[in-house]
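Encoded as structure tokens, the structure appears first; notes follow it.
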Amino acid sequence: MRGKYKSEILFQLRNALCRRRISSSPFFAFLRRFSPPEKLNHKHNITLTEFRFQGVNQSSHFLHSLTAPDRNSLGHHKQSAVDVHNVLKNHRGSSPEEIERILEKCGIVLTEGMILEVVNRNRSDWKPAYTLSRLIRIQSVYLSSSSVYNEILDVIGKMRRFEEFHQVFDEMSKRDAKTYEVLLNRYAAAHKVDEAVKVFERRREFGIEDDSVAFHGLLKWLCRYKHVEFAETLFCSRGREFGGCDIKAMNIILNGWCVLGNVHEAKRFWKDIIASKCRPDVVSYGTMINALTKKGKVGKAMELYRAMWETGRYPDVKICNNVIDALCFKKRIPEALGVFKEMGEKGCSPNVATYNSLLKHLCRIRRTEKVWELVEEMERKGGSCSPNDVTFGYLIKYSQKPQDVDSVLERMRKNMCEMTSDLYNLVFRLYVQWGDEEKAREVWNEMERSGLGPDQRTYTVKVHGLHTKGKIGEALKCYREMMSRGMVPEPRTEILLNQVMAKPKEEDDKKLRLNSTEDETEVVMNYT
């Protein structure tokens with residue numbers, strides 16, 4: 001086994017040295033000026049021993065011991081969480097008692113913060129979370145609150161392991177409002193509406209004294225998972241128990257119908273709100289306007305928007321953003337700019353989302369002058385209007401040449417905006433489209449260095465780019481590498497692969513037919 005570890009370490013060292021050589025590229029160095037610090041990828045950890053490449057000017061070294069005395073407390077805490085995570089992953093079939101012995105040999109003592117860190121490392125796997133709940137009991141780990149158990153419950157419930165879910169819940173000595181939320185969320189998500197109602201009936205156990213707050217929580221989670229009709233029936237039958245007019249509960253149900261995309265039912269319930277003693281508030285209007293704009297009913301949405309101003313219910317920035325985005329989508333740019341101007345005049349300050357809605361559509365129609373005017377305004381205002389990764393994403397997306405990308409990246413650096421995986425993929429796709437292999441390779445390597453990729457999107461772009469250039473062998477190799485990393489290919493990539501694999505068969509069939517025809521001709525000639 002030791003030889004295997006040595007080979008793995010040498011392989012990683014070669015990769016690190018290769019990346020060091022690549023980093024001499026000017027473009028690569030430029031990207032590194034504002035990219036986030038390197039994130040450690042623990043996917044390929046070798047049990048509990050780990051190799052890290054420390055950079056160009058630092059000597060590489062090994063971390064042999066889990067309890068190295070020179071670690072600072074924060075680093076030690078995080079590394080211990082990584083080690084516990086790896087033990088749970090590599091000994092998945094082991095009993096909690098066996099896991100405890102392994103941790104003891106490694107000198108790891110579980111703490112509340114460490115357990116939270118481990119649970120949050122993989123929220124899509126119930127087994128480590130459940131094992132940790134067993135270890136808490138075995139080791140009598142001190143917990144200052146119910147936070148750890150709430151997170152464990154949430155993960156187990158997400159995977160719908162309700163036997164383990166109930167077991168962990170029954171063992172909890174402390175329960176709070178967050179526990180109540182987790183139970184409602186996971187029961188409603190699993191369509192166990194009766195169980196969710198039973199949790200509501202037990203609300204006092206969670207320290208919830210305000211009945212209306214508990215009722216709103218129940219309605220919210222029922223509507224979140226499409227049980228809107230049930231929620232409305234519950235509201236009609238029990239709503240009066242918790243006071244008279246309850247516009248907040250009505251808004252939750254209205255939003256439920258809107259999220260379902262059922263505008264007909266949303267309009268019906270809107271009329272019920274108008275007819276009731278409750279007056280629709282800003283949230284009611286905003287919910288209805290959002291639903292109408294999503295369905296493309298911009299005219300009706302604008303009527304409600306104007307009615308808000310007229311009745312003294314001033315729209316907030318979120319409502320204005322919805323209206324602006326809907327108008328832009330319908331190519332009614334002058335009206336959108338009019339709403340934007342009106343916001344400033346009536347004291348509704350725009351935010352970065354407002355500007356981004358305008359920029360997205362202005363970039364698309366190549367209104368370059370107006371685009372840069374708005375970007376400069378964002379930079380001038382700063383604060384909530386400062387350009388973010390979404391802003392620069394639109395500017396990069398509609399770049400027409402490599403120099404445009406360089407200038408956007410430089411501007412991004414000046415605004416202290418960090419690269420994201422979305423931006424890396426966007427830049428990579430553009431360089432592949434432009435046929436700039438060198439810069440595409442540099443972006444790929446920088447993604448690896450920063451820990452932000454390459455991901456499924458990057459591989460997809462590379463596979464299709466190689467195929468377009470006729471490099472079928474390299475495309476297949478890249479596809480196999482993507483599959484080996486556990487990435488699911490897009491349907492279009494699978495279609496492409498099937499076409500590639502079918503071509504050799506077609507060529508073989510063609511050759512076979514040609515050979516068959518030649519043989520027949522030879523037979524006929526011999527016969528004659």
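Just so you know, glycine gets a Cβ as well, placed from its N, Cα and C.
Over in TrEMBL, the protein carries these features:
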type	residues	note
REPEAT	176-210	repeat 'PPR'
REPEAT	246-280	repeat 'PPR'
REPEAT	281-315	repeat 'PPR'
REPEAT	316-350	repeat 'PPR'
REPEAT	351-385	repeat 'PPR'
REPEAT	420-454	repeat 'PPR'
REPEAT	455-489	repeat 'PPR'
REGION	507-528	region 'Disordered'
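Note on the repeat 'PPR' (316-350): residues 282, 285-286, 289-290, 293, 296, 298, 301-302, 305, 308-309, 357-358, 360-362, 365, 367, 384-385 of its chain, located 6 or more positions outside it, place their CB under 8 angstroms from a CB of the stretch. For the repeat 'PPR' (351-385), the predicted model reports an average pLDDT of 96.
Across the repeat 'PPR' (316-350), the DSSP tally of helix, strand and coil residues reads 26 helix, 0 strand, 9 coil. For the repeat 'PPR' (246-280), the DSSP-based tally of helix, strand and coil residues reads 27 helix, 0 strand, 8 coil.
The residues of the repeat 'PPR' (455-489), classed with DSSP into helix (H, G, I), strand (E, B) and coil, number 26 helix, 0 strand, 9 coil.
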